[in-house]
Structures are given as structure tokens and as C-alpha cells.
Amino acid sequence: MPAVGDQHKLIANPFEEPQRRISEYTAQEIATLQSRLEKQLGPEYLSSRAGPSGQKVHYISSEKCIQLANEVFGFNGWSSSIQNIQVDFVDEHPQTLKINMGISVIMRVTLRDGTYHEDLGYGHIENCKGKAAAFEKAKKEATTDALKRALRQFGNVLGNCIYDKQYLAKVTKMKVEPTKFAEDNLHRHSDFVKKEPVEADIMKVDSVGAGARPPALGNEESFEDLLGELDEADFNMADEGHPDEVVLPQAVHNSLNDKPVHQQLTNLNPQAQQSRPLSRSGSTGSLNTRQQPQNSHQFTARAQSRPPQQQLNSNQSRPMGQPVNNSSNANTPNNPQNYTTPQKPAPAAPAPQAGAAVAPAPETVGFFSAKAVTQLPEEALASGQVAPKPGLAFNPHAESPSIRKTPGIDHTKSKPLARNGQHVPPAKTTETEAEPSTSLSRPAGAHAASRPVTMNEARSASGSFSRAGPPMGGNAGNMGKPNVVNPQLDHTRRIGAPGMSGFSSSPSTNRGQYRPLTMKRPAPVVGGGAGQTKDGNGDSATTTTIAANTTAGSATGGNAAPSAGNGGRVPLTDMSANASNATAAGAATSGPEVKRQRLA
């Protein structure tokens, strides 16, 4: 049976103080708290406001004080409680009905080990319109002031250092840099958080048996080469036109210990490798692609299975950087346009031994355009086993509509062009030096009676428009020689310039060339003379002969004027004191009338 008074034990007495659990600090924790509390605050924790008589009053704001308490004691290491609230005064103005109020609060701050400090805080308000607003403002101010004063009793770090005048005079002179706002530290609602896409590289791994060994992948350099290809690739290509070709690397299926192709060919033909400079294929540009290692007997079997004509064509189209192991091509004389010396025949590759395992030939790999590569599956690109397909293969002979081309010119071949826009056949390499033209002056003697060579005949004989005479300059004899290095460019160098065989090729030689003057032929003179017609009617005039010129020259003192019919210059009339002599000499000679000078 329950005893008397047991019915009251089921209900807790609200007037009794509950038993508190006290967790004491260890000596190490006390030493740590003591070292923290002894430190002074930095200038970033201090605030200032205008005080009485224009002085600055420094204080610590409530939010910074609570933050410091949480840092030192922990968020669960301290607590605060209001011990007493007392209203000191409440005054209401009789006319304006405004309220003045003052409230004092006693606050206690307790640590988790039971240590506590109490202090008094005060709050007041003047000329408030309502009582509720006056009580709210006064009580909050008193409580905050009491809390800050209670916390400062624990040490300097919680605000006690502000009452040190020397410290305050020095710390206020320190400059505080503005803090940077960190948006990442904000606590955001899940609906307003920006969801950034996570780029996860999903690797497709084929299922491999427990006892099976995974296929050997390429070297680590292959991945670096792939990155290099992506860096140099041009992804900003237009939709129309033909983009640059892309070379797909072959997958490495053999073991990493096999020798690569260029090593085997270097052992087979070391002399050819030394004499030939390294070069790159025009289709690959500067991309370094790794070749698939193969055995030497595979190349030998392939070369024997092809017909001779196909081997010859493949060797001719092979770039300079790749070795040639075909002995028949080494004996063929080189083209004159190639500047390499003939190579010695390379020794033939040894025949495969009987019983040796012959690896199957790799699948054919073709060139694809940039648009076609995007249509290929990723599995085929990763394995490297991509066979050329019709419609996707790269066509090197396709013409781009975006490139302007001159109509009527074959753009597939490199040929010289004339000024009229037509192709010029290449000049013959067996062109001989032209003989110098005959001089116009003949020596006096047995050939004096013969007709001298006119200027027109000298031009036709020499094939040049330059003046007649011996070659000028020491290099005049080399002008007729063809261009041995590039014979097809001989005629392109001479476009627009006259033939210079046997004469100097300087453009200044054409400036002094002779041009006959135009003149009006006078009426024929009736009478016996060298310039008369045979019948005296003037129907047909004969050309002045050499004898007539010689006779006229003898009459005038040996200076005969060349006739206009032979292209000579007609001298002007002498206006000096010897004009009478010149007139007499002109009357004695036969021929057309001389050109007279016009008098003003």
C-alpha cells in the first residue's frame, strides 16, 4: 500500500532547484582556456561611436562578443541567465504623453564546469511614443549590456582589454583591411543553390575473364600525343568546303617489346637513312603519330605480292622521310629535278624462316574528313580499327568552292604562265648559246663595194632589239645558257624582255637603240642623176646604190650621207660659215633633198 504522501512524489516540484551535471575541465583544458583568455583583441573586433563632448567611445558589438565566447568556450561550453530585472523609473509627459524609462538587469554567465560570473547592465529610453516600444528597447539594451559585462570578467579576449588605455591608444592606430565577401560560405536554401554539372569521365571497361589477360594498351606517350593533336586541331571550321584531313592513329595490338617499323628499316638500310633528311608527310602536318610495330618479313611478303608497276608507283609516291627497301627502285636514275645523289642498292630483306609464325596483316586505315570522323563510333576510334567507307573517305583532289580560281588554268599542276594567262610550254634544256650578231661596220678593202648591212637586217639576224655591237660585260656569254636547276623557268624569266643572246641583258642597253626618222619622199628630179628614175617620169624610184653613195662621198670630202632608203639618218643643213660649201656639195650629190632646219 502506498504510504502517506507518495502521491505527491510523481510530480516534480517546480520550486526545487534541479540537480546539475558538472563536467570538470582537465588541467590541459584549463591551461588552454587560460592562454586564450589572456590574449588581447585585434582592431577588427573593436567598434567606435561618438560619446559625450565629442569624444570617441570604443566598444565591442554584441554579435562579436558572442562569437568570441563560442570560439573560446565552444557553442555548448557556456550559458547565460537573467537573475534580476528591475524597472528604475517610468515617466510619462502629461502633454505629449511620451515615456522615459530606465531598467537594470543582472546577468549570470555559467561555464560547463559550474564557474559563473554576474554583472549589471542598464538600459534606458527617452521620449518614446508607446510603453511597449519603451520596455522592449530598454530591456534589450540592459540585457545585452549585462551579458557583455559578465563575459569580460573571464579575460582580455572577451572585452576586458578595452579598458586598457595604452593598449587602446596603439590598437586604434592600426589599419584594418576590408574583408572580402565570400559567397561560398553562405548557408543557402536547397532551392536556391546553383547546381553545377559534375563532369565525370565514364570509362567503358569490357568484361575480362578471370584467367584472361587484358590487351596491352599503348605507351603513356600515346596519350600525350593525343593531347597534342587536340591542341593543334582546328575546331572552328566552316560548314561548307572541305576541312583538313585527320589521321587516325592505329591501335597497338602487339607487345611493347617489339621493335617499331623505323628501327627495323634503319637496320636494313642504314646508308639510305643517313643520306635522306627527316621529313613529314603533307597530310599529317606536325602531328606526331606512332606507327604500329611490325615484323620485317611482313613488309617483304607484301612487296613480293605486289606487281612491279605497283611497287614502282608506290616508291615514287613515298615521301623522303620513309626508307625504301625495294632494290629495283634504287637502280633507277633519279629525276633531274631531285637534288639527291643516287642511292646504293639496299640489301634485300632475309626470307622468313620456315615454321615462323606470320602475323596477320593489319586492317586498312584510310583518311577521313573532319565531318566524317564525328560520325564514326567512339569504340572504333578508341581501338583504331577504322576501315575507309565510301562517302566518308577523304578526297584530296576535291575542289573547294570557297577558293577563287582563274578559269582556263589547270590548278592541279604547277606550270609557268605567260602574261596573257595561258600556259607556256617548258623551255628546252638543250638550248645553245646564240652567236653575236654581225657588226654594221665593214672593213675597207675587198668588201667595200658590197652593200653594207642595214640596222633592220642586224635586228633580224640577232633576234634582239638592242643595239648592235660586241657583247658588253664579262657575263654576256652566260646569258644564252639554260637554267640547269629549273629549266622550265627559263622562259618565265624572259617574259616581257627581248632576247639577249650574245648581248648584255641589262635593261639600259635598250635605251640607246636606233629608230629611223620618218620623212616625206620628195618628187623625183628630172635629169641624169643617181636618184632619177630610169624613164624620167618618176614612176618608180630606185634605191641608192653603194657606188652612188661612194661618188657622193668623194665629192663632199668623204663624208657621205646615208640614204633614207637604207634607214640612215638624213643630216641637217649646215647653218655655219661653210653653208655655201655644204650647198655645193649637196648639189653635186644625187638623192633626196636633205631636211632643212626651220627658221623662225
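Cβ from N, Cα, C; glycine included.
Note on Swiss-Prot: of 23-27, 83-87, 148-152, the range annotated with the feature DNA-binding region is 148-152.
Long-range neighbours of the DNA-binding region (148-152) within the same chain, counting only residues 6 or more positions beyond its ends whose Cβ lies under 8 Å from a Cβ of the stretch, are 60, 62, 65, 68-69, 80, 107-109, 117-121, 158-160, 162.
The DNA-binding region (148-152) scores a mean pLDDT of 96 in the predicted structure. Each residue of the DNA-binding region (148-152) gets a DSSP state, and the totals for helix, strand and coil are 5 helix, 0 strand, 0 coil.
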